[in-house]
Amino acid sequence: MAGVTAIEIPQWIQDNQGDFVPPVCNKCMFSDQLKVFYVGGPNQRKDFHLEEGEEFFFQRKGDMVLKVIEKGQVRDLVIKQGEMFMLPARVEHSPQRFANSIGLVVERERKNTEFDCVRFLVGSSNVTLFERWFFLTDVVKDLPPLIKEFYNSNEFKTGKPGKGTFACNAPYEARWTDLPVPINRKEFIYDHISEVKNGPVKIYGAPEYKTEVMLLGEGSYDLEAGAVELIIWLQENTFAVVEESGFTYALKSETMVRIKPNTKCLLNVKGGFAITIRMPG
C-alpha cells in the first residue's frame, strides 16, 4: 500500500533499543511531514527550545519532566507513565528524560518561514543567558553546532549575559498562557466509552490547538489525510483492518500507521480503540 505504512511499536522499540540510551537517546519512526519518534534517557538538557508548532507527548514507560516557562515562571511539568500532553506552540520547554524511560513525541515539519530557538537561562531564573534562532531541518545536524557555540561563549564562561547573548531580534515572542494538565490515556478512554460508541471523541483540537487528536472506538471510518499526514495509533488489545487502493492490511495491537497526504482509506476497528493525530501547519 503506497499511501500506508504500518509499524508494530513493541518490536520496533526492541529492534532499536540501543538508540534509546546515551549518547543518542532517540530514534525516529517517521520523518516526513510528521516527525514521529521515541525518546529514552537519561538525558538532562540545559537548554530551552521554542518552536512555532505544537508537540504531542506520551510516556510509554516511566515518567518524564518537561521544564516549561509558564507566564514567565520556570516550572516542572511532570508527564507520568501512561499520560498524554499537548504542548502549545511558542512555549519554551526543556525535556528531562530518565534512565529506563521511553516516550513518544510527535511534531510537524517546519515551514520555510518558521524559526526555532535554542535558549539558555541564567541559573534557575527566566533571564536569557544565550540564545540562537535557526531554521530547523534536522535536529541531529542543526542543534549540536549551536550547543557547541554556547559552551565556547563568554556568556557560558562568566554565567552572565553579554554581547554574544543575542545574535538577532526575536522573530516572535514566547506565548504567555496557562498550560493544561497531562491526560491519563487509559482513564480518558474509560471515561468516554459510551460517547465513543457514537463516533470519534476529541482529545485535543480546536479552538485551543491546530493539532487534532481523536479517539476512535469499534466501527468503520472513512479517513482522508488531506494536505498533511495522518497517524493512526492502535491501542493495546486492538485489532483493525485498513483498506487503501484495493489493498487490505490487517493490523495488530500497538501498531503505528502513517497515512500519506492526499490518501483515502477505510479503517475498520474490530475491537479496542485507536487514536488519530493530524498536525496541519
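Quick reminder: no glycine exception, Cβ is built from N, Cα and C everywhere.
Annotated region 'Domain A (catalytic)' per Swiss-Prot: 1-162, in sequence order. Annotation comment: Swiss-Prot describes Arg45 as O2 binding site. Annotation comment: Swiss-Prot describes His49, Glu55, His93 as Fe cation binding site. Annotation source Swiss-Prot lists substrate binding site at Glu55, Arg97, Glu107, citing sequence analysis. The region 'Linker' annotation in Swiss-Prot covers 163-179, and the record cites sequence analysis as its basis. Under the heading region 'Domain B', Swiss-Prot lists 180-281.
The residue listed as 'O2 binding site' sits 8 Å from Arg97 (substrate binding site), counting Cα to Cα. For the pair His49 (Fe cation binding site) and Arg97 (substrate binding site), the Cα-Cα distance reads 15 Å. Secondary structure of the region 'Domain B' (180-281), assigned with DSSP and counted as helix (H, G, I), strand (E, B) and coil, comes to 11 helix, 51 strand, 40 coil. The most crowded of the binding-site residues listed here (Arg45, His49, Arg97) is Arg97, judged by how many other CB atoms sit within 10 Å of its own CB.
A 10 Å cutoff on Cβ-Cβ distances gives Glu55 (Fe cation binding site) a total of 22 other Cβ atoms nearby, all chains included. For the pair His93 (Fe cation binding site) and Glu107 (substrate binding site), the Cα-Cα distance reads 14 Å. Summary of the Fe cation site environment: with the site residues His49, Glu55, His93 set aside, the chain residues having Cβ atoms within 8 Å of the Cβ mean position are Phe48, Leu50, Glu51, Leu66, Leu87, Val91, Glu92, Ser94, Pro95. Neighbour count (other Cβ atoms within 10 Å of the Cβ, all protein chains): 20 for Glu107 (substrate binding site). Rounded to a whole number, the distance between the Cα atoms of Glu55 (Fe cation binding site) and Glu107 (substrate binding site) is 5 Å. Regional average pLDDT for the region 'Domain B' (180-281) in the model is 97. Note: the CA-CA distance between Glu55 (Fe cation binding site) and Arg97 (substrate binding site) rounds to 16 Å. The Cβ of His93 (Fe cation binding site) has 21 neighbouring Cβ atoms from other residues within 10 Å, across all protein chains displayed.
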